[in-house]
Structures are given as structure tokens and as C-alpha cells.
Amino acid sequence: MQFGELVKTLAAVESTTQRTTMVKLLTSLFKKARPEEIDKIIYFVLGDLRPPWEGVELGVAEKLCLRAVSKATGVSISELEALYKKTGDVGEAARKALSTAKRPGLLAFGQQKPLEVSEVYDTLLKVAQASGEGAQDMKISLLASLFAKASPEEAKYIARFVVGKLRLGVADMTLIEALSDAFGVDKEALERAYHIYPDLGKLARHVAEGRPLEEIKITPGVPVLPMLAQRLSSSSEILAKLGGSAICEYKYDGERAQIHLKEGVVKIFSRRLEDITHAYPDVVKAVREAVSAREAILEGEIVAIDPDTGDMLPFQELMHRKRKHEVAVAVEMYPVVLNLFDLLYIDGEDLTNEPLIYRRVRLSEVVQETEKVSIAKWRVFDDAEEIDVFFHEAVSLGMEGLVCKSPTSVYEMGARGWNWIKYKRDYKSEMIDTVDLVVVGAFYGRGKRAGLYGAFLLAAYDPATDMFYTVCKVGSGFTDADLKKMYEMLQPYKIPHRHPRVVSKMEPDVWFTPQVVIEVIGAEITLSPLHTCCLGAVKPGVGLAIRFPRFTGRYRTDKSPEQATTVSEMIELYKRQKKVAQPE
């Protein structure tokens with residue numbers, strides 16, 4: 001496929017505000033693609049070269065990209081920087097530079113065969129792989145060769161891609177729907193395969209080649225989509241939901257981790273499927289010592305502890321582990337422990353379809369607890385009062401609460417169902433719990449907030465429609481440093497119109513691709529005609545909103561937008577709140 005064909009589709013996707021139109025455009029694109037290039041097309045649409053856990057990064061900042069454009073066009077760096085400053089878009093700067101190049105003889109566009117998708121992808125992969133002495137010059141030369149062959153519109157999307165600002169915001173579920181339509185594959189079967197092996201490029205090539213999805217198996221080294229939990233704040237309701245019996249375990253305030261062991265090699269993946277092994281060399285060593293298996297996939301929570309007292313510390317302390325050049329120091333200053341709670345695979349045996357109680361037994365058989373690795377504390381209950389006692393014990397020890405699970409439940413990858421239920425209480429607020437919401441818009445600040453965003457439009461996610469519905473406008477709880485950080489975090493996702501996956505009655509000053517997730521709390525959840533979350537579910541014409549919302553200070557960088565609080569969770573919180581508020 002010619003790269004120009006892909007670019008036409010990207011431009012059309014970027015300009016639409018309708019998700020159905022987006023799906024049709026992508027379906028048409030996939031039908032035209034050859035099997036050997038469809039994986040590359042998928043990666044390009046997603047803004048990545050490889051799946052997230054492979055950690056392939058281009059390592060190209062705006063200045064380096066502009067140097068490559070300058071080399072290809074003869075337009076000076078100062079002129080390009082002025083264009084970039086004026087447009088705020090490195091892609092637009094590249095497009096305009098190629099449209100008005102001072103030395104068009106440098107450009108090969110129109111003088112040879114058009115760029116192919118595979119040529120662009122393979123060149124960008126070489127850019128990502130360039131390392132060591134002279135790597136920067138190599139990256140510039142490779143990119144310049146692409147810009148020299150590209151049309152102005154092609155250059156726009158190449159530039160955006162290499163600096164990580166493609167701005168399309170196409171969700172994995174949208175791509176799955178388009179692949180299903182393009183190749184006549186059952187959508188639910190494709191979703192199941194994606195949950196097991198969440199590499200859409202590989203799956204797209206698999207179906208394009210006409211191979212059966214049954215060949216896709218759980219594989220050590222490839223993270224599966226994590227199973228997620230609903231939430232309730234009553235032990236009796238939890239027991240009723242779980243059929244009268246529950247496995248209750250401590251809910252630790254840490255980082256959820258999927259641990260893969262294969263032939264002595266340990267990999268650690270985040271809930272966003274990113275490889276975070278580099279941050280936890282001590283956990284890698286501890287897993288090798290504690291787990292007796294050749295191959296295994298386990299789940300647990302990595303928790304920071306006080307090196308002097310051994311007491312558990314808040315999740316935020318783990319942020320010290322994220323600075324790659326300071327990990328060795330952080331290991332000493334911010335030690336961690338791993339609390340395991342599930343076993344998904346062991347030596348060729350897929351356990352995800354086995355009941356939880358069986359998986360727990362197998363977990364205890366393969367894990368030898370040590371100072372650094374333990375099995376999360378758990379018990380089986382059939383009495384609500386006993387659950388409450390266990391809950392208060394957990395909270396008194398610094399836990400967030402409990403996670404209560406059906407003993408007979410299988411591991412539902414990627415699902416947020418009622419087989420796992422969080423039992424949490426926030427005693428500092430009238431709201432039962434905090435919520436994790438996605439920033440979809442912003443309002444310009446005034447006074448001392450001038451030049452930044454003063455408030456943000458937040459939304460909850462609906463997995464049934466793959467859309468985001470607004471819940472509140474929040475401006476409280478942000479320090480000056482927070483507002484500056486939010487501005488910087490959101491700039492790469494700024495778009496000229498409402499995103500096709502966002503449903504909103506409010507019109508903010510700025511729209512964003514749904515990407516950034518933050519934690520919010522408020523006084524209560526109320527009915528509101530201004531917001532679209534659960535619109536019409538409680539009362540015709542009105543949705544749910546958070547009254548007096550406040551940012552807690554916690555950036556949920558560990559969560560993807562699709563892992564944010566769902567609309568069903570919002571309505572459950574609203575119902576629970578009403579039950580508490582109304583005397584019996």
C-alpha cells in the first residue's frame with residue numbers, strides 16, 4: 001500500500017467527530033491492505049512501532065525532527081522553529097516547509113515511485129534501533145531521507161508520529177471492530193484473542209492471512225489484559241453478588257504487576273502492559289528465588305516499604321523507581337515487597353479457565369514465601385460480619401481495604417465484572433470512594449491561573465460503547481505546580497474538535513484525545529442535566545455528576561483511559577450513596 005493512501009485515511013479519521021465514521025474509514029483501509037503490511041498499518045494508526053511491552057521508542061524530540069526536515073528541505077532551523085511556535089504542531093511545520101522548500105532539488109518527491117507503508121515503517125524502525133556513538137546523526141539522516149521522498153501531507157504525519165503526537169486517539173476496541181468488519185471475523189472471538197495476546201498488529205496479520213483465532217494462546221513473555229474489579233461498600237451486598245461465599249484478600253496500596261518467568265528470565269509488566277522490569281531489579285531476583293517453575297505467569301502488587309520500620313508506604317513512593325538512571329539508589333532508599341494473589345499459567349498449563357480457589361492452591365504450591373515475596377493475605381468467608389472484621393483489620397494495617405472474589409470464578413482477561421469486587425471506604429468524604437476519570441477537555445484559567453488551564457472536563461468510560469461520557473468540571477485541589485504539570489501533560493493530546501469517542505453537552509475551550517487519567521473525589525454524586533454519564537439511566541434527560549469535585553493529587557499514570565472508572569461503577573456509587581442517605 002502506498003503511504004499516501006494511509007495518510008488520506010488518517011486525515012479523514014482525524015477530522016471526524018463520529019465513531020461510526022471512524023470504524024468505516026478503518027474498515028475500508030484494512031480491506032485494501034496486504035497481509036504482510038497490515039500489522040505495520042495497525043501500529044502506525046496506534047502511534048507505536050511495536051506493542052507497548054517491547055518498549056521500542058523512536059527517541060526523537062521536536063528539535064531533532066526539525067533538523068531532519070531542515071536537512072531534507074533546505075529550510076533553516078530558525079524558520080522551522082518559528083513555524084512550529086506559530087502552529088504548535090511539528091507536523092504542520094513539516095508540511096509547510098515541504099510546501100515552500102527553498103531548494104526543491106533536494107526533494108525526491110514526484111521524481112521517483114511513491115513511498116510505501118513498509119518503507120516508512122522499516123525506516124522508522126531503524127531510527128528507533130539507532131544507538132551508541134553517532135546515533136543522533138543516524139536518526140537525522142534516516143528521517144531526512146523519508147522527508148525528502150514524502151509529499152507535504154505525508155511529511156505532516158511522519159513528523160507527528162516520530163515525536164509521539166499523532167493525536168488520532170483510535171482505541172483498540174475501535175480497531176477490533178474495523179478488523180471484524182473487514183475480514184468477516186466474529187468480533188467477540190477477536191476480542192477474546194486480543195485479551196490473551198494484546199498485540200493488535202499480530203492479530204490483524206493473523207486474521208488477514210485467514211488463520212484461525214484458536215491458534216492464539218497465552219504466552220509467557222506476552223502480558224494478558226488484567227481482570228478488573230467492580231466496587232461496593234457493603235459486605236452483605238458483596239456476599240450476595242458472589243453467591244454467598246467470598247475469597248477476601250488485602251487490597252494493597254501499590255502497583256499491580258504481572259510477573260512472567262521463562263527459562264530463568266523474569267519480566268514485570270504494568271496494568272498498562274508496559275515492561276517495568278528495569279524499575280524492580282530486586283523483585284526480579286526475589287522472584288527467581290521464590291518461584292519454583294520453569295515457566296509461570298503470576299499476578300501481584302508491588303508495595304513500597306519503610307526501610308527502617310518495614311511499614312507499608314503509599315503508592316506515590318514507587319514513583320522514585322520510574323527514573324531509569326536512579327534505580328540503583330531507589331532500590332536501597334525505597335525497598336519494595338511483592339504480594340502475589342494469582343497464578344495464570346504454570347509450565348505449559350493455562351490456568352485462566354480454572355476456578356480461583358484452585359489457582360490459589362497452585363499458587364501456594366509454587367511460591368516459597370521470602371522476606372521480599374509473599375502471598376497476599378486472604379481468607380474464605382460466608383458471613384458478612386466476619387468480612388467486616390477482616391476489613392477493619394486490613395485498614396488498620398494501612399491497606400486500602402479488601403478485594404472480594406468468587407471462589408469459583410475463572411480469570412476473565414480484560415473484563416470488569418462482578419466476580420471481583422473492591423471493598424473500600426473513604427471516611428474523609430461523603431462520596432463512598434475516589435474515582436479515576438479521563439481528561440477530555442479544559443477551560444482557560446484566569447487571574448493567577450492565566451496562561452494555563454484553570455479547570456478540566458472529566459469523563460467516565462463505557463466499555464459497552466467504547467465511549468467516554470462527562471461527569472464533572474474540576475478546578476479544585478490543584479496546586480500551582482499541578483496546573484503547570486497538567487498543562488504540559490495534556491499538550492500532546494490537544495485536538496481542534498471534540499474527539500469522536502467523547503459524548504459531551506459542555507463545550508470546553510480546548511478538547512483532548514482521551515488519554516490522561518486523574519483521581520478525583522467529591523461531596524456526592526448528583527443528577528445533572530449538564531453531563532452525559534448514565535444519561536437517562538436514573539431519570540429521563542439527566543445524567544450523573546460529581547458535586548464539588550476535587551483533584552486528590554494522584555495522577556493515574558498506571559491506568560489507560562479504558563481502565564478508568566466506568567459508567568456502571570458511577571451508577572453503582574450513586575445507588576449506594578442513596579441507600580446510605582435514606583433512613584430505613
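Any Cβ shown, glycine's included, is placed from N, Cα and C.
Feature annotations, reproduced from Swiss-Prot:
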BINDING   Glu249, Arg256, Arg271, Glu301, Phe341, Arg416, Lys422  ATP binding site
ACT_SITE  Lys251  active site, N6-AMP-lysine intermediate
Length of the line joining the Cα atoms of Lys422 (ATP binding site) and Lys251 (active site, N6-AMP-lysine intermediate), in Å: 8
Nearest-integer angstrom distance between the alpha carbons (Cα) of Phe341 (ATP binding site) and Lys251 (active site, N6-AMP-lysine intermediate): 10
Secondary-structure category, per DSSP, in which Lys422 (ATP binding site) falls: strand
Nonlocal residues around Arg271 (ATP binding site), in sequence order (Cβ under 8 Å, 6 or more apart): Pro226, Arg256, Gln258, Asp558, Lys559, Ser560, Gln563
Among Lys251, Arg256, Arg416, the one of these recorded positions whose Cβ has the fewest neighbouring Cβ atoms within 10 Å: Arg256
Integer Å distance between the CA atoms belonging to Glu301 (ATP binding site) and Lys251 (active site, N6-AMP-lysine intermediate): 9
Residues Glu249, Arg256, Arg271, Glu301, Phe341, Arg416, Lys422 [recorded ATP binders]: greatest CA to CA distance in Å: 19
Number of other Cβ atoms within 10 Å of the Cβ of Phe341 (ATP binding site) across all protein chains: 24
Secondary-structure category, per DSSP, in which Lys251 (active site, N6-AMP-lysine intermediate) falls: strand
